[in-house]
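For reference, the structure discussed in these notes is given below.
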Amino acid sequence: MALTFKQGQWISRGEMVELRGGRAMKAYEDDHPLLIDHRKKELMLKKSLFQWKSMGEGLPHINSFNDVSEIPTEMRFYDSRIADFNYSRKKIGIELKIKGLLGSTAYWETIEDMKKIFWYKKTTMAEYVADHWMEDDFYGYQFLNGVNPGVIKRCSELPTNFPVTEEMVKPFLEVGSSLQKEMEKGNMFLYDQKKMDGIPPAAYNGEPLHVTAGLCLLNVNPENKLMPIAIQLNQQPSEKNPIFLPSDTESDWLLAKMFIKNADCMDHESVHHFMRTHFLAEVFAVAALSSFSVIHPMYKLLLPHFRHTLHINIRARLSVLGPDGALSNSSLGLDGVKELMRRDLSEITYSSLCLPENIAARGLESIPNFYYRDDGLKLWNIIQSFVKAVVEHYYPSDCEVQRDTELQDWISEVFTHGFLGNKASGFPAAFHTVEEVVKFTTMVIFTPTVQHAAVNSGQYDYNSWAPNSTLRLHKPPPTTKGQSSMKTVLETLPNVGDTVVLAGMLWLLSDRYSNYIPLGTYPEERFDEPEPKQMIKEFQAALSCLSEAITTRNSHLELPYTYLDPAEIENSVSI
């Protein structure tokens, strides 16, 4: 009898590797005592290797490795990717030093000077942002298709702490309409950063910075453009917390928009990017690595979507969340950022990570020009169809799910270490049906692929231009109208050295490196059976068809939305 062995991993000196036949098998399908004993010992070894540790109270747990050198070889970056990364970092540093920008404590003299930061890193979108960041329609557009498209909600009733009046906003609404009519028609939307309220800011040169937990009201106008029409920079209304309007002076309105985007930038980077994609992907990965045998069908399905995740996260916790990392230099500082993540995790829901439910809950089913929604929902359905085919092939009944101890161990680990056992979150602690496994696995694959691409790939495009979005602002927010100028705007922005450091980091995070593997590509061919192989081919065909459709649509758009083109989505969180 011939057996096919699907290795799918590196063999390194000093590491023991055991091989079994390539056919995917669940634990209860092993019937030979030797195989049963082998599987038991394999899982004991994996449990001892892939352990958990705390990143901080109220935060998702992380892998226990202290350095990337401790990670198994197959989970580490290839040497070529490390060389690419180091080359980019060196090139960025040399350019900034030559120009005398790195380490400069001077403030920008003009907005135009910022266009000279990089000679060699130009993107069409980044240049568009630098030219159009002051325009209200582009400001609104970013809440739909920028790097943080998951924050606004349809507004059918104004919060009591946001006393916008009809008189204030009537000039910015369709002629003959009113605030109430626009809310009834579903044309009003709200950005509310209340979860940031009360978090103490960081200090800079011994002086406290400023964090605004603001509110921004937006309206879809007759041209189908999403326009900001009222901004309040703190949660509690008062004489020193006025509502800013597009009719205010140019600098007042710009500052109001900048403080909203500063809060949004910190929320995006810490919560929607690192916690909700990087750290959740790590939870899914460590749970899978410790719970499944290498021949389990779910391990074979999931592992390609966790490639390099442990490596990049260990590095990111130093470069982004370390004492000298980007987020420690934000207006919130490291302690504030962790508190923001804690608050978000305590309120996170299962449905918020499932895009169809997320869109419906926010009332965004019909808002126009929402390409993140359009492409994301198609991708969710394509992934779900693929997952459904694979899962139902290996689990023909609910009973098969319930008796799979490795599958149950995986979801229990995720629930305990990722969501800290919070039953109110709606995340399952166990699987009872095939349908539950399909939905959860769809979310698990969608998160480190599609969602990560949505919140990561455009970072340089949108956030390297500091006036559009930055992690830190220096001057306090305006408390009265008519007292600011463009000089105030420049003094509020980070100094030259801080600006270029952030821009350089965003360059590194948004670049494409060697060994890039796009969504749906499985070079290691872990499955041996013909059925899942055919399912993968159908998955790839659906992704290719969508890629062509997105390319065609983008050819007719002034601002092409490329981040969710399947060809541009990496198969795992690896940068």
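A Cβ is built for glycine as well, from the same backbone N, Cα and C atoms used for every other residue.
Long-range Cβ proximity for His452 (Fe cation binding site), meaning a same-chain Cβ under 8 A and a gap of 6 or more residues, is found for His273, Thr277, His278, Ala281, Glu570, Val573. The Fe cation binding site annotation in TrEMBL covers His273, His278, His452, Ile575.
Summarising the annotation, TrEMBL assigns domain 'Lipoxygenase' to 25-575.
The feature site 'Essential for stabilizing binding to COTL1' is assigned by TrEMBL to Trp10.
Within the same chain, residues at least 6 positions away in sequence whose Cβ sits under 8 Å from that of Ile575 (Fe cation binding site) are Ile312, Asn456, Leu509, Asp511, Tyr513. Its Cβ placed at the centre, His278 (Fe cation binding site) has 24 other Cβ atoms within 10 Å.
Apart from the site residues His273, His278, His452, Ile575, the chain places the Cβ of Phe274, Thr277, Ala281, Ile312, Ala316, Pro448, Val455, Asn456, Leu509, Val573 no farther than 8 Å from the centroid of the site's Cβ atoms, the recorded Fe cation location. Cβ contacts within 10 Å of His273 (Fe cation binding site), excluding its own Cβ and spanning all protein chains shown: 24.
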